[in-house]
Amino acid sequence: MGPGNDTQISGFLLLGLTNKPELQPLIFGLFLSIYLTTLFGNLLIILTVSSDSHLHTPMYLFLSNLSFLDICVTSTIVPKMLVHIQTQNNIITYTGCMSQIFLSTLFAGWDDFLLAVMAYDRYVAICHPLHYTVIMNPQLCGLLVLVSWIISVLNSLLQSLMILRLSFCREVEIPHFFCELHQMIQLACSDTFLNDTVLYVSTVLLAGGPLAGILYSYFKIISSIHRISSAQGKYKAFSTCASHLSVVSLFYCTVLGVYLSSAATQNSQTSAVASVMYTVVTPMLNPFIYSLRNRDIKEALMRFFRRTALKGTIVLVAKKCH
Ligand SMILES: *[C@@H]1O[C@H](CO)[C@@H](O)[C@H](O)[C@H]1NC(C)=O
């Protein structure tokens with residue numbers, strides 16, 4: 001069934017973060033800088049990891065995947081939002097809205113799985129250090145990334161198809177800055193029981209599964225670190241998990257914050273502001289968290305900059321000589 005029976009909905013109105021026009025330039029500037037920082041920071045991580053053979057280990061390849069994902073998440077949401085503010089035209093087409101739902105659900109799910117894969121990687125590194133290179137071979141790493149991608153695509157496809165069967169009867173105003181799955185289900189005027197059920201079950205399975213995996217891995221990691229006798233050994237083992245643990249905490253704290261704030265208030269605009277955190281702020285902070293906390297990345301960054309500067313000088317000199 002298409003959207004609506006007698007009234008064909010061609011688009012929706014995205015209300016954005018605020019209805020105060022004087023705040024729009026501020027929001028525009030803020031989100032533009034956040035977006036550019038996200039692009040720059042994450043691209044730098046991807047380039048550094050790919051250009052440095054010291055970092056061709058599962059942990060850094062997964063981190064670089066996460067950076068790629070961070071770019072994808074913000075790029076499905078922020079550029080569209082910036083255009084809306086700039087043109088003062090808040091209409092998003094039905095197709096545009098559905099693609100935003102599909103992509104944002106896809107990337108959020110993949111993010112979740114990738115964090116669990118990274119926790120497993122840390123678990124193997126600390127609890128089975130002697131077999132690490134055998135267990136985490138490139139085939140397994142590729143397979144883990146591929147499987148989490150496939151599960152996320154299937155889930156996102158299911159959720160989007162479920163949205164397609166809903167009808168929206170009036171001119172729908174979305175109190176949000178992008179078309180978000182949960183929000184859209186609430187705005188439909190047909191029966192949403194099936195949608196709510198599917199969303200609930202898949203959230204429990206797809207968010208609960210990885211979370212259980214992460215908690216289990218860290219339970220094993222902590223009990224294994226506990227058995228190390230020297231304080232220095234303890235610190236060394238734990239420090240390899242530090243960047244992953246910070247990224248995981250940031251991810252789950254913001255998601256929990258959004259969930260609690262939307263449960264506590266009936267005001268959807270408040271929960272829209274809260275969801276800025278995990279859709280926009282987390283992807284920006286991620287590269288800084290793991291590059292600041294991590295010596296390997298810092299050193300690789302230095303090498304990367306030195307090499308780039310050297311290449312730049314060579315090009316300049318070559319041009320001068322011509
Ligand atoms: C993602 O991870 C896989 C498996 O480790 C790796 O082969 C690939 O290069 C990574 N992709 C990016 C963009 O980092």
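The count begins at 1 with the first shown residue.
Heads up, the Cβ atoms here are built off N, Cα and C, so glycines get one too.
For reference, TrEMBL has these:
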| type | residues | note |
| --- | --- | --- |
| DOMAIN | 41-290 | domain 'G-protein coupled receptors family 1 profile' |
| TRANSMEM | 26-47 | transmembrane segment |
| TRANSMEM | 59-78 | transmembrane segment |
| TRANSMEM | 98-120 | transmembrane segment |
| TRANSMEM | 140-158 | transmembrane segment |
| TRANSMEM | 198-219 | transmembrane segment |
| TRANSMEM | 240-260 | transmembrane segment |
| TRANSMEM | 272-292 | transmembrane segment |
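Same-chain neighbours of the transmembrane segment (26-47): 16-18, 63-64, 67-68, 70-71, 74, 78-79, 81-82, 85-86, 280-281, 283-284, 286-288, 290-291, 297, 301, 304, counting only residues six or more beyond its ends whose CB sits under 8 Å from a CB of the stretch. Within the chain, the transmembrane segment (272-292) has long-range Cβ neighbours (under 8 A, six or more residues past its boundaries) at 17, 31, 34-35, 37-38, 41-42, 44-45, 63, 66-67, 69-71, 73-74, 77-78, 104, 108, 175-178, 180, 243, 246-247, 250-251, 254-255, 257-258, 261-262, 298, 301.
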